[in-house]
Ligand SMILES: Nc1ncnc2c1ncn2[C@@H]1O[C@H](COP(=O)(O)OP(=O)(O)OP(=O)(O)O)[C@@H](O)[C@H]1O
Ligand SMILES: [Mg+2]
C-alpha cells in the first residue's frame, strides 16, 4: 500500500478519452458455487480511459477484470467488449482475448521459452504473423520496456521487475486495444515497482485503454481518469481521482482510504 | 569503547585455494574422508567391493570359451570354480535373433541401425531437422524389414494416413471442424479394413517387390524384446498424453472413458493381459482370421504402458501452476495450441524421470512374454537349459541376458539425465 513517488510529470497530451465505448458491462452477476462474488456490476469504459480499481482483499476486483477476457465465466448480465458480446461462443471469446491484453500479479511468463519466444509465440500462432516480423515487433516492445538485451535469456534469469516488464511487452506484441492489469506490482520490491509503473505510465501516455487493479495510489492520482472502489462484490463508489481521494462519499470508501493512506 | 572505524588500505589479491580443498587430494578428502564416520564407511565399502571383485573375477576369467557342453567345461576347469562361457559362444546369435533365418540376420541388424537413425533426430535436437522425414517413414519400414512380404502393404498402410490428412484438409472448410475430424478418422479406417489389403495385393501382382517372409514364430531373443519394447514405448507416449488430457477433460464421457481405461488397465497384471492376447482374443475374432501373436502382444503391452504413462503425465500436468493456463488463454491461444506450445512441453519435462522409468519398466516387462510361449531371451534360456549339453547352466545365461538389458536400460536412464540437464532453463 505504499505510495511510490514518480519523479516526472506525466505527459497528458495523448491521454484523450473518446466517446466510443470499449467495454460495456451491464447487470453482470457471478457466483462461485453458491457464493455471490460479483453483484449487479454496471460499468462502461470508453476508449482511452485509464481506470484504477481498488478495494479490500476479497472484494472481487480480480474476478471482475478476469470476467472481461473470460478467464472467469459470468452467469448473468452482459459484457460487450469492442462490440463483441461475451457469450459461450468460442469464436467471440478468441476474438476478445486477442484484442485484450492481460498482465498478472505473478507475471506468468512461460519458463521454457526465451524472452523473445515468449513475446513472439502468440503473434505467430494466433495472429499468423511471419516469425521474422513477429521478432521485429517483439524487439520493438522489448526496447520500449527497456530490456532488449535480455531477449535471449530465460524468464528464470530475470529479476521480478524485468519479468513483469516482459509480461507487459508480451501482451503488447498482440497489439491489444485494451490492457488489463491485475495487481502488476504487488509481488515486487519498491525499486522494481517503480520501473514497472514507469512502463505503465508510458503506455497510458500513448492513449491505451487500461483497467488496473492496484494499490498504487500514486499511480491512480497521476494517471487514472477514474477510480472505482469495490467492496463485497459490488462497485461502491467511483469518481475522478481528485474527488475520490479528497472527498470520498461512502463510509466504506472513507474507511478504506484512511487505512491505506494512513490518515 | 572500541574504535569501530575501519578503512581498508590494501586490497586482497586473488589466491589459489589451499591444496586440501582442490585437486585430487582435496577431492578424496572432501568426498571419502570428510569425517570419522565417512572414513569408516569408505574403508568398509572399499573392502566389500574388493571382496566381491576378488570372488567374481576368477569365476568370470575362465578358459571355457570353446567348450561344447557343460561336461567339457568341467573337464577344462578340472575341479576349479569357473564360468562355462561355451554356452554363450554357441548360443549368442540365438539369444539375439531367436530362430530368425541366419541368412536374413542382416535385415534385423539393418532395421536396428535404421532405428537409431530414425530416433536420433527425435532425441537430439542438434541434428538436422530434415532427418525427421526419415523418422516418419521408419514406422512403415520397420515391420516390412522384419516380417518381409510385399512392399505394397506398408505403402498402402501409410497411404491411409495420407487419406486421413487429405480428408481433414478438404472436409474441414466444407463440413466444419468436428465433421472434418470424424471423417479424418473414418476414411483411413475404412481404407485399412477393406481396401488396403486388396489394393496392395493387386499392386503386388503387377509389380512384385517383396522381401522373403519370416513367420512370427521364428522371432525371438533380444530382437523380439526390442521390437515389442520399442513399439510399445513409441506408441504409449502419445496415447498416454491423450489419456492424461482426457482425464482432465470437462466432457463427462471423455473423462469417464479415460479414467475407466486407466484404472482398469492399472488394476490388472500385465501377465493377465498377455494371456488374454494369446488365448482369449482369438475367441472374439471371426474364425479363420489369423491375427499375428506378436501384434496382439504389442497391443497389450502398449495399452498397459499407456495407462501408466497417462498417470505419470497427469502428475506433470498437476505440477504446472494455473497461471500458465491463464496466460496462454489470455493471449488467445486455443486449447490445442496452448497444450502443444505451453502445457505439454513443461508437463513432459517435469515428468521425464517418471516417463523414463515407465519406459524402462515396459522394456523389462517384455520378458513376461516368455510365459505365453514367445521365445524372448528368458524363453530361450529355458530352451537352452533343456538342451542335453547345457543342462544345469544358470548364471552364465542369465548374467549375459541381464547384462544386455542393463546396457539398454542404463542408456535410457543416462539419456533422461542428459535431457533434464539440457532442458533446465533456470525456472524453479
Ligand atoms: N475459484 C474460486 N472459487 C471460489 N471462490 C473464489 C475463487 N476465486 C476467488 N474466490 C473468492 O471470491 C472472492 C473475490 O476474489 P477476488 O480474487 O476477485 O478478490 P480480490 O478483490 O482480487 O482480492 P485480492 O486483493 O486479495 O486479490 C474472494 O472471497 C475469494 O475467496
Ligand atoms: Mg486479486
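Cβ coordinates come from backbone N, Cα and C, glycine included.
The feature transmembrane segment, as given by TrEMBL for the ranges B:293-313, B:314-334, sits at B:293-313. Among residues of the same chain six or more beyond the transmembrane segment (B:174-199), those with a C-beta under 8 A of the stretch's C-beta atoms are 152-153, 156-157, 159-161, 163-165, 167-168. Within the same chain, residues 83-85, 87-88, 92, 95, 222, 225-226, 356, 359-360, 363-364, 377-378, 381, 384-385 sit at least 6 positions outside the transmembrane segment (B:395-413) and bring their C-beta atoms closer than 8 Å to a C-beta of that stretch.
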